[in-house]
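Working notes, beginning with the structure itself.
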Amino acid sequence: MRNSFPPSDGGRSATDRRQQSSHSSSTNRYNSRSAQSSPPLNHRPTWNQQHSQYPNSNFPPNYRRDRNPSSGYSPPVTRARPNFIVQLLHPAAANSDTKLCFSTKKQEIESLALLCEIPEESIHVPQFGCIAGSFSFRQWVDARSAVVALWDYRLQGKHEFVPELIPNVIVPSDMNELKDRLRDLFSSHILSLMENGEGVKKVRLEIEEKSRQVVSFSSKRGLKFEVFEKKKAIEAERDLVVNRLEEFNNAMKSILRYLIGQDGYEFDLDDEEEGDVAVFCLEGAYDWRRIHCLIRRECRRLEDGLPIYAYRRQILKKIHREQIMVLIGETGSGKSTQLVQFLADSGVAASESIVCTQPRKIAAMTLADRVREESSGCYEENTVSCTPTFSSTEEISSKVVYMTDNCLLQHYMKDRSLSGISCVIIDEAHERSLNTDLLLALLKKLLSRRIDLRLVIMSATADAKQLSQYFFSCGILLVNGRNFPVEIVYSPSDTEENSVVGGIASYVGDVVKMAVEIHKTEKEGTILAFLTSQAEVEWACERFITPSAIALPLHGKLSFEEQFRVFQNHPGRRKVIFATNIAETSLTIPGVKYVIDSGMVKESKYEPRTGMSILKVCRVSQSSARQRAGRAGRTEPGRCYRLYSKNDFDSMNLNQEPEIRRVHLGVALLRMLALGVNNIAEFNFVDAPVPEAIAMAVQNLVQLGAVVEKNGVHELTQEGHCLVKLGLEPKLGKLILGCFRHRMGKEGIVLAAVMANASSIFCRVGNFDDKMKADRLKVQFCNQNGDLFTLLSVYKEWASLPRERRNKWCWENSLNAKSMRRCEDTVKELEICIERELTLVSPSYWVWNPNEGTKHDKHLKMVILASLAENVAMYTGYNQLGYEVALTGQQVQLHPSCSLLAFGQKPSWVVFGELLSIVDQYLVCVTACDFEALYMLDPPPPFDVSQMDERRLRIKKVVGCSSTVLKRFCGKSNRSLLSIVSRARSLCSDERIGIQVDVDQNEIRLYAPPLDMEKVSALVNDALECEKKWMHNECLEKYLYHGRGQVPIALFGSGAQIKHLEVDQRFLTVDVLYYGDDVVDDRELLTFLEKKIDGSICSIYKFAANKQDCDEKEKWGRITFLTPESAMKATEIQKFYFKGSVLKLFPSLSTGGGIFKMPYFSSVTAKIRWPRRESSGRGCLKCPSGDIHRILGDISSLEIGTNYVHIQRDQQSNDSILISGLGDLSEAEVLDVLEFRTQRRDLNFFIFRKKYSVQCPSPTACEEELHKRIFARMSAKNPEPNCVQVQVFEPKEDNYFMRALIKFDGRLHFEAAKALQELNGEVLPGCLPWQKIKCEQLFQSSIICSASIYNTVKRQLNVLLARFERQKGGECCLEPTHNGAYRVKITAYATRPVAEMRRELEELLRGRPINHPGFTRRVLQHLMSRDGINLMRKIQQETETYILLDRHNLTVRICGTSEKIAKAEQELIQALMDYHESKQLEIHLRGPEIRPDLMKEVVKRFGPELQGIKEKVHGVDLKLNTRYHVIQVHGSKEMRQEVQKMVNELAREKSALGEKPDEIEVECPICLSEVDDGYSLEGCSHLFCKACLLEQFEASMRNFDAFPILCSHIDCGAPIVLADMRALLSQEKLDELFSASLSSFVTSSDGKFRFCSTPDCPSVYRVAGPQESGEPFICGACHSEICTRCHLEYHPLITCERYKKFKENPDLSLKDWAKGKNVKECPICKSTIEKTDGCNHMKCRCGKHICWTCLDVFTQEEPCYAHLRTIHGGIGLVE
């Protein structure tokens, strides 16, 4: 800007109003103004009044002296040229040609003229140009007054225009006069500010307030430590404010000295302190605009109160005296913007430049703009500049230059003396970036050569001592901040460290919980929570739901508008901000009062051992933790909640590890080699990298062709020099140079730009639906060559758009517009750099086309491979393992965002940008590469390509297995599958081997190296053969009818045949008990038992008992044998030793199946014992405290049985009584008498027994005897032999008693109690009389439930337990287990309460079963999917219930209250049926015979939202799931068919795989037509129509000769297995088929079995053999008694043959009977009468009296007797 006046080197003449000016100067020079509204200094109005102020008041204003005044004078039409012009420059236009609004300008100028009383005719306002307006004057005095007035009003803040005097008549004395006037004006203004300025007043009030607070603390005695610390903090704040005021006054005095020093005027100013440095270097002519800007900037600094302002002179002193200084100041102290201005103001840089480096380009540009704005008018134009990129042709010319540390490094390489730079400021040194550390090391060497160079290292949290010691123990200056005190609260989490649920670490949930707790309990104030990633931030925002608060995300991928939301106010709602470490130092959020520190941060770390850069979550450093805590004390005292312990904090690193130890050193080594540093290991780093990192970096540079080794010294190649000039990461530079060689320069530059910004281009934020939409939008850009090609296509399309459309296009396609612009800036910088440094022309055209596959794709892939040759990974061949990194052998997966996944394929070889370590490790920025290209690399890759390819896992498919076999092959929860995988890996010594089962495709995929494939295949085939054998042998154990007693059992198996019919009540099923801690392999265990017993297993049931349940934990399961002989043999063997564990087999409690299946009833447990050591006759009674005297009185004279006992007090114990003379009495016998005499139940009595134990029978013998006795006493209800189980424990040497555990069926509790009561006091065989059995009158049982069930039924369970407590006879106790579950222990003195209480508990804890006709196996299988699990969780949350899914049996139960169960059942049925229906309306876009790019083609053809299909199929609702490659159709089946047709047409088009083959129609072997509603048989996998199979079953039921039922396929004939019958037939039909099969079995048994002779009786009995006697069969169904030999009524004592004859001729039996007997017939009724003794008078049953001698008949007995006496001489009695 031009000066307002010429240099003040002219004198004043005697004729130029000396007296007036002298008087004006002397009287008004140092007087301050009394009020802002008073007229300007030395100014009087000159218009419309006497002009006494002017020398000749007779002349009017603007009067020229060459003309005489005349009252009639009228000015000519053409105005005369003015002598003086005062121009007004607008501040916005002072340094530019900015166009201003003319009307606004004119209004402002006219208002200002009116204020200064300037005539309207003097005003001129141009429409264009940088001059806002001007005033014309003829008289000097008017012009001078106008200038002074305008500056006065500007100083008062009434306008912003800059006055500038343009004199047409130059008189030196006039200029001096004006200078004096303005100097007086400015001096008065400065004095006014120092005395009464508004800023000064506020600061003084603040000092007074702080002083009062300090005094109030000082008046108190005995201050606590916290209060004392608070006092110290306030004193520090007060001192800071005082220093600010002193600094302001010092600056004002510095300006005053400059103002008065021009002409040597004396002024009463305090002398400068000794050694003080002038804060302003003001020389030469007065620049009033600059002086005013300096004053205003000082006022702003005073009001802003930046802490560094108080340290200005202290900083300047140090910089003037010392060459190096470390400046430590907290974020927000102002060091980044103010220090450069301090140095520029003070002139420390002289005529050279001050350079301030920043780690990031955006920071350098932002700070330069800010400093330029703050210092506007304080310096000349272009004093402050920013150099974001290096150019070898540009020189540093500005006074203050902001640039990146990378840019300064490039300058250093060009000019190793940094000529033209006098001061270097390294900002943000606490970040310890690679460039910063390298720059510090190079500057250290330079400082010894350039003594005039100054270095200032600025940091917020850096280790000042380390930096000071590194720089020759230089000085450290600490700038204390203005933070408020922050209370630290350590609140470590109870969850296991690093535990992960659903991909989210546990600490994220802890942060959300803490935020909820703070919101509920703490006062108002914003909550700021620190997490590590965008995913965690979004997860936390979704989980934090509170009406009175708003959760806001803050991370680097948000747009500016979204980030700005955290700075806005939300009335009535508390802000809860979940942020990444972007909120640590980069941003200052107002109002934050509470901080939640998770203690975790995500860092990129280079691992020299593997040569990989890994982004992983780790602990923060102490300095970062303090930074986070400091966020809570910006505006008021705050609190920081650290979710870790104080010990954890103490164990953290003090500072963040320097980047030089965390990143690849390629760029640094290139620059050092370019600088001639040959021995890098001995280079003087601040923190030297580990030697391995240096070696790996050198190896990488050699691989890239940038470095070669000659004579043991590494030298740069020609390509290496080019990479140095580019200043990029070597891999990016290699990428660009490689593309230029293939004439694809544009593509190479863009690739380098997008690769550097790859993680932020696609914008996947928001809720779940938003993210899914973003995924769909991304598909249209996905390229089958990988992520870099995808990013390249995105940039190409974006760059082709007009600029005004780009932002909207990014928004529509979920792209980050800011990242795209950043890529564009990078592209432009690279183009300029390449043209300037490499003299290459950057092409403006594209060669590569993303829509066409050409040679350019191959070239690009080759260039990318050459640039990332060390980052190669090979697909292992096994999806679960993913890719194997070539250098390290790690198995990692592609990141879910990888473009390759959109094509459903995994290329064999890929290159990747970096490894991302979150919960798992992922490859990111992945590009496919060709196998042949690996051999073309020069130099060759640092791994053996051929060897890696040989180790690749091959795949072998095992087909022909049914879904049932595959499920059983996997086992419950895949345990059997995992076991066989473990065995295969152990056998082959290869942990990569895998086995994958696809039930939908009915195949097993084996993954193994070629050499091991046969071993793995053999293992799998053996297991499959086992499962197939068991499936073919599988039987249903069915009772022929329901009832007790001797109920026949049939084994109903494959072919619908009866495999065995058991009518002799021999058991077939055994319970298997496993005693061992290791998890057992079920298949191995069953195979072991079959071999040991030499029998076939036909049914297996695995118990689902909780391992923590002490009653059930040893039970493995239940197995059924095909023959009772095998079952008996299994139970006869005492123990099986299996892999170091013990197996025991017992006859099973519960057998049967179908409608006659007997339910298993929970067991009740009782304990018994008998002594092993004989009694000594003495015992001890322990009394409750304080009751011994009373008890002694009660038992003073005691007789027990026939024994008189002696009572005495124990002298060695205060609460014991000794009792002797007991003989062989037991503890129970004595205690019963004692309790009766004392009427107490709290006594404790024990007998002193002899030292040695007597010989007892073995535990096995005791078990058998006890079982025999108890079972004999329980036989009233014909119980099964297995209703009682007895276990006698092996005693230890020091045990006084033998102990046994008895378990019995809870239904028989009454019989069991009676049996145990009778057993009490008995003596077992082989025991002595005193070894009496004692049954503990305490029965126990327990039941366990999971924590989830407990939380659901907690209230009902408590109510139930409370009711149990009120009942007599039993107790219940609830206790948690160590694994988080809950156990209910039931204790009672009788068995019935135990059984009843357990039954009610089981009903509550096991829930209500859900039976719905629509819940088929296929429908219920949805619940095992991820969507099904989420569905159950949602219903559980909404209905407050818990849903139990039995995955093995596919049954569903619901726990909760009756009302809630009903609601949950209704919702579950509705939701699951809807989901099943939707699954029927899914179209899959991925499969073995589907073109891999089908999903992209669908998106390309119909749009990401499938709008093209919706327009053609009206009313259909479609949604594309990109993760699963599925189109979900919501609409009718007809709509689905239409959509499917459109997709199929697209799929048939030409693709990389060619046309899709036509589907082969399958013919049903029964109806010989195309299969309709097909079903594959489990045994042979042949496909039939389901209806045909059902018809086959129906025909077999009608024709008994059709058994067994076989597969109808030609050359098959395999029996249809039980699994098929269960799947195809209802229970009713299955029972009907069983009945038909039973009839067929009996009919075809060759007479071995027969049905009961009673019509329609279902019972069957075994026919006695020819040599067997006819044993009776008592039918349990109809109670008939039948001879098993002749099948007639049971006929004891008569042979079957004779009984048959008697049946045929009843008289024959009478005659046979009468032989040899005194027998005659009644003459009347012909009845046979046998006479054995007595007289000859006989009476027949017909009532007639008969004479036995002559058979005469009489009606009465007297005539008969008379006849005997008369005719036969007597009645026939022998006298």
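Numbering starts at 1 and runs along the chain as it is shown here.
Note: Cβ is positioned from N, Cα and C throughout, glycine not excepted.
What you are looking at is a predicted structure, and each value in this text was computed from that prediction instead of being measured.
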Field: Annotated range (Swiss-Prot: zinc finger) out of 243-271, 591-619, 1461-1489, 1722-1750
entry: 1722-1750
- request: With Swiss-Prot as the source, identify the stretch among 878-926, 1564-1612 annotated zinc finger.
  value: 1564-1612
Task: Would you mind telling me which of 427-430, 1131-1134, 1147-1150, 1319-1322 Swiss-Prot tags as motif 'DEAH box'?
output: 427-430
Field: Cβ neighbour count within 10 Å of CYS1652 (Zn(2+) 3 binding site)
entry: 22
Query: Which ones, of the binding-site residues CYS1612, CYS1686, CYS1722, CYS1740, have a Cα no more than 10 Å from the Cα of CYS1564 (Zn(2+) 1 binding site)?
result: none
Task: Around the Cβ of LYS335 (ATP binding site), how many other Cβ atoms lie within 10 Å? Please give the count over every shown protein chain.
output: 28
- request: Taking only the Cα atoms, work out how far CYS1580 (Zn(2+) 2 binding site) lies from CYS1588 (Zn(2+) 1 binding site), in Å, as a whole number.
  value: 16
- prompt: Of all the binding-site residues given, namely GLY329, GLU330, LYS335, CYS1652, HIS1691, which is spatially nearest to CYS1588 (Zn(2+) 1 binding site) at the Cα level?
  reply: CYS1652
Field: Other residues, Cβ within 8 Å of CYS1722, CYS1725, CYS1740, CYS1742 Cβ centroid (Zn(2+) 5 site)
entry: PRO1723, ILE1724, LYS1726, SER1727, ILE1729, ARG1741, GLY1743, LYS1744, ILE1746
- prompt: Inside 8 A of the center formed by the CB atoms of GLY329, GLU330, THR331, GLY332, SER333, GLY334, LYS335, SER336, which other residues of the chain have their CB, for the recorded ATP site?
  reply: LEU306, PRO307, ILE308, ALA460, VAL479, GLY481
Query: What same-chain residues, at least 6 away in sequence, bring their CB to under 8 Å of the CB of CYS1675 (Zn(2+) 3 binding site)?
result: CYS1652, THR1654, CYS1657, SER1659, TYR1661, GLU1681, ILE1682
Message: Neighbour count, 10 Å Cβ-Cβ cut-off, for GLY334 (ATP binding site): what number do you get?
response: 20
Message: Using a 10 Å radius around each Cβ and all protein chains in view, which of these binding-site residues has the most neighbours: CYS1564, CYS1567, CYS1678, CYS1740?
response: CYS1564
Query: Across all chains shown, how many C-beta atoms besides its own are within 10 angstroms of the C-beta of CYS1725 (Zn(2+) 5 binding site)?
result: 12
Message: Going by Cα-Cα distance, which of the binding-site residues (CYS1567, CYS1585, CYS1607, CYS1686) sits nearest to THR331 (ATP binding site)?
response: CYS1585
Cβ-Cβ distance under 8 Å to HIS1691 (Zn(2+) 4 binding site), same chain, at least six residues away: GLY1670, CYS1683, TYR1699
Query: Counting only residues 6+ apart in the same chain, whose Cβ is under 8 Å from the Cβ of CYS1696 (Zn(2+) 4 binding site)?
result: GLY1670, CYS1683, ARG1685, CYS1686, LEU1688
